[in-house]
Every structure is written in C-alpha cells, then in structure tokens.
Amino acid sequence: MNDNDVQAPADNTRSLEKEIVQDLRGSTYGDYLQLETLLSAQQPVSGHHDEMLFIIQHQTTELWLKLLIHELKSACEHIGRDDLRPALKRLARVKHIQKQLVEQWSVLATLTPAEYSQFRGELGEASGFQSAQYRELEFLLGNKNAAMIKVFDHHPENQRVLRETLEAPSLYDVVLRYLARRGYAIPRELLERDVTVAHTHNDALVQVFKTVYEHPDDHWDVYETCEELVDIEDTFQTWRFRHFRTVERIIGFKRGTGGSSGVPFLKRALDLTFFPELYTVRTEVGE
Ligand code: HEM
Ligand SMILES: N[C@@H](CC(=O)c1ccccc1NC=O)C(=O)O
C-alpha cells in the first residue's frame, strides 16, 4: 500500500499534523471575521423555531447585497477610466453573486404559511421595502426613483447614501458615456440626461447596438460588455420573480407589512427594465 491509496483509517479519525497551529494568542479566524459581532446578531423575538431561518435568510441577502454594491461601484469606476477588463471581471462576479441570491429562495420556501403566521405579527410594519442596500443596488443599476427615499426619513445616513447614488450616473449611463468616447453614435440626449430619473427606451440607441450585435467580431469587447449587462438584468428579474412566487406561497394575497397590496405590487416590479435597448435590439438583428 502506498500513501496515495484511498482507505479510511482504522479508527475513522484524521490525525492532526504536528505543524498545525494550536497556540492561538494572535489574530484568529474568529477575530479576523468578527464572528462574535456577526453571530450575535440573530435575535428572534417570537421564540418560534422558524424565525431563525427568516432572520438568517435576510441577513445573508444583505451581506451579498453589500458585495454586489462594492463590485458594481468598482466596475463603474473602471469603465469611467476606460479600463474595461477589470470592469468585466467584476461584472462576472456580480452575476455569480446574483445566482446565489436566486438559489437562496428555495431555503425560505421551506417556510410554510402556518409557520410564518406564528411570528409575522411580531414584524410590525417592517418590510424588505425598507432595505437601503436593495434600493441602492436598484439605483446603481438604473431603476432610479426619488420617491423610494422617503421611507428612510428616520435614517439620515441611509438617506444620504441613497441621494448620492440617485445623483450619480448608473451603470448604463457609465457604459453609454464610455461608448461615446470610443466613437459610437450615442444620442446626445442620453449623454446629457437627468441621471436622477430612470432611463427610458431610445430608438437611436437600438441602432448602435444593432451594429454591435450584427458584427460581434468587429466590436468584441463591447459585445461582451453588453451581454454581461443582459445577464445581470436577466438574473435580477429572476430574483424578483422568485421573491413574488415565494411570497405568494407563504402569504397568498394578504397585504404586505410595509403597507402595499403584496403580491400584485411585487409582480409589477417585473415590468421594470434596466437596459431596454439591449432587449429590443434582438428584434432588429438580421432584419
Ligand atoms: C416570508 C418571506 C417574505 C415575505 C412574505 C415578503 C413579502 C414582501 C412584500 C409583501 C413586499 C412588498 C412591500 C410590503 O408591503 O411589505 C416585499 C418587498 C420586498 N421584500 Fe420581501 N418578503 C419576504 C422575504 C424577503 C426576503 C428574504 C428578502 C431579502 C432581503 C426580501 C426583500 C424584499 C425587498 C427588497 C422588497 C422591496 C421590493 C420592491 O421594491 O420591489 N423579502 N416583501
Ligand atoms: N413584507 C413581509 C414581511 C417581511 O418579509 C419582512 C419583515 C421584516 C423584515 C424583512 C422582511 N422581508 C421582506 O419583505 C410581509 O408582508 O409578511
């Protein structure tokens, strides 16, 4: 028998190697990751078993949202400096994080209506509608809506960050400005638009993308960037879809704790689009 043979040890226990550090007085795993802070932040208020799932589902989502925002802001900065390659790397990462968030809905879907109803009353008027990071992400991606900032009246710091993001160009604005610098015929009204409101469909922009999509080999990095944006919108819509379907199976058509109609309100979010011309161009290709 040599060392490479795969065989369980007789006592089915792995012996420790003598080099493994065990005398830990310096920085450890737990210190570095601030696990005492992180793992003391789950405090169910109802005493019901399933509330832990509800809290952790939200907290892990907020952690991933934090990374999404970090990566997207950095991607925008790189594009602003005409440095497309690192931006594409970040956008690829964004897509994988989004996929985690989409998959995560299946964990919450194990929460039944009876289980949720045991602690829903404890939530008062709290709602995901009041997630500042979610709103920041939507603004970064171009779903600008100043009215969304009102629910943060009680939290000046959230409000400051959201105003700042509202007033900054979105990912799409940044990409279109970059394309203009590269000589693409981006309509002037888009380059000079009021970035505090959502972008709306522009026919002339479709023609720019038509050239790119009909001759990808001549515009490869732009084509790749556009497809990254489409992936991001596609996965974002899948997240919205899984949210409303999961909500529907848990609370049916009850009104939301945040005061909305509930499922009908969530369903209408699916009508919103970040990069509309990247979808309409598909009708034009080959025509
Ligand atoms: C039992 C689970 C859940 C239910 C029943 C639920 C229900 C709802 C409802 C009814 C709304 C509309 C606003 C309102 O009136 O409250 C909403 C909004 C929202 N929820 Fe949830 N939700 C659940 C889980 C989650 C989770 C895990 C997240 C992740 C952070 C989340 C994030 C959001 C966000 C970001 C909004 C605002 C959406 C928008 O503006 O389009 N929700 N939710
Ligand atoms: N809007 C939900 C409550 C809810 O889901 C929630 C409550 C407190 C903190 C986060 C929440 N998540 C998403 O909306 C409901 O109507 O049941």
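Easy rule for this one: first residue shown is 1, then count along the chain.
A Cβ is built for glycine as well, from the same backbone N, Cα and C atoms used for every other residue.
Positions annotated as substrate binding site by TrEMBL: F54, I55, I56, Q57, H58, Y116, R120, T257. Marked as heme binding site by TrEMBL: H243.
Cβ neighbour count for I56 (substrate binding site) (all protein chains, 10 Å cutoff from its Cβ): 14. Using a 10 Å radius centred on the Cβ of H58 (substrate binding site) and all shown protein chains, the other Cβ atoms total 14. Y116 (substrate binding site) counts 18 other C-beta atoms within 10 Å of its own C-beta, drawing on all protein chains shown. Note on F54 (substrate binding site): other Cβ atoms within 10 Å of its Cβ, all shown chains, come to 19. Under DSSP, T257 (substrate binding site) is assigned to coil, being neither helix nor strand in the three-state scheme.
Among the binding-site residues I55, I56, H58, the ones whose Cβ sits under 6 Å from an atom of ligand 1 are, in sequence order, H58.
Reported as a whole number, the C-alpha separation between H58 (substrate binding site) and the residue listed as 'heme binding site' equals 12 Å. When the Cα atoms are compared, T257 (substrate binding site) and the residue listed as 'heme binding site' turn out to be 15 Å apart. In this structure, none of the binding-site residues F54, I55, I56, Q57, Y116, H243 sits close to ligand 2 with a C-beta under 6 angstroms from any of its atoms. Counting other Cβ atoms within 10 Å of each Cβ, the lowest count among the binding-site residues R120, H243 belongs to R120. Residues F54, I55, I56, Q57, H58, Y116, R120, T257 are recorded as binding substrate; their most distant pair of Cα atoms lies 19 Å apart. According to DSSP, H243 (heme binding site) is assigned to a helical segment. Sequence-distant contacts of Q57 (substrate binding site), defined as residues of its own chain at least six apart whose C-beta falls under 8 angstroms from its C-beta, comprise Q104, V107, L108.
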